[in-house]
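J.: I am attaching a structure below and will ask some questions about it afterwards.
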């Protein structure tokens, strides 16, 4: 039995249930094969993903199951037999985009009645969203949430033969499903989920409500997946979780994320290890030492601080102060001097004053992040912050946001300037999206580097001398 699962059987989907889902996969594969024989064309799907890396990885699982069913992927919605939107509800803008896409699909559905339209992901965990879609977008065939992804074959089979919208959304925490097919595209980098859910309940965040409470995969299952990726030729893995630093706490046998990192570091074939996301309150000394001591762990840490004001951090329920965060960063830099730090920042949280915002700018100057993902505060229905008084006016948010961007852009460029003339190790990931003669990759510190190369170097580690620096990327030439 896998480590840590003895008392946690109920959080795993049973082998019998997974076998039952496989039968639906086989049924759909047979139907698609008959259609292919008749028409000479494979059935096509178009999968659109919104949101975080967890959603991206969920979409890889959907793609893996669809490949087993005999579908081929297309970017062209108009030629698709199946359209899926994997949704995000962290920001309002992502939700509005989904509604826009669904509205545009109605004429296509009228032209192609057999087209199956599916919507899944975090948005669907909100009952009011499901009701809105059923009422306003009745041409949608299938709605399911985050907790029953493994049931997609059964749900798709039902939707293909239903005259009404099939809805299957669970309000429980969900179970862990092992051995779901995964379609990873580039063959160089891979995401590996180590845990699901979040227990932190930050007052602005909808994630604990739509992803459930924390559930850790067993270490044995994770290590076996990473070993398989090493055998398949993947060079870099990113360990995923809403809060990876909490990994193992629910297992109850002392298993920790630092221990997992040390075990993953031993696996042959894997050259680089990354992880995301880390909560400052849970980042232990042991994890810092593991990052320092494990040669495959990249010198990059994404450590969201969200706001610089201790008063606002308390309102956010972040459970650390401004001083706590600065002291933690000092400890990290003491042990890993060349660490590249990135972060998340929310501007305009309810009650934020100019003095509070000045604390945010102060952290930028003191820590000097390589990059920051910055957001205007967005009300999320069902979160405590949405009900808070003293909401910050939009024009004030936008003015502060602009100052934040200007400050961070300057710091990012100043940091990148220090790379001019240096030789850096780069993992070659593929061809640039804008120039097929230019290849792109990342340093251990997660800097994007563009350079001339050839396809034979994809998946290889090369040394690149930096000749040009920009705010968000570097350019150079391979040192032969």
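Heads up, the Cβ atoms here are built off N, Cα and C, so glycines get one too.
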J.: Which candidate from 46, 88 does Swiss-Prot annotate alongside 52, 122 at the [4Fe-4S] cluster 1 binding site?
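T.: Of the residues offered, the record points to 88.
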J.: Taking the centroid of the Cβ atoms of 198, 202, 205 as the [4Fe-4S] cluster 2 site, which other residues of that chain lie with their Cβ within 8 Å of it, listed in sequence order?
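T.: Near the [4Fe-4S] cluster 2 site, beyond 198, 202, 205, sit 200, 201, 204, 206, 207, 208, 242.
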J.: Under DSSP, the domain 'MTTase N-terminal' (43-161) has how many residues in helix, strand and coil?
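T.: DSSP classes over the domain 'MTTase N-terminal' (43-161) add up to 65 helix, 23 strand, 31 coil.
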J.: Around the recorded [4Fe-4S] cluster 1 site, report the further residues of that chain (criterion: Cβ within 8 Å of the mean position of the Cβ atoms of 52, 88, 122; site residues excluded), sequence-ordered.
T.: 50, 51, 54, 55, 87, 89, 90, 94, 121, 207, 210
J.: Would you pick out, from the binding-site residues 52, 202, the residue whose Cβ has the largest number of other Cβ atoms within 10 Å?
T.: 202
J.: Quick check on the domain 'TRAM' (417-480): DSSP residue counts for helix, strand, coil, in that order please.
T.: 4 helix, 33 strand, 27 coil
J.: Cα of residue 52 ([4Fe-4S] cluster 1 binding site) to Cα of residue 202 ([4Fe-4S] cluster 2 binding site): how many Å, rounded?
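T.: Here the two Cα atoms lie 17 Å apart.
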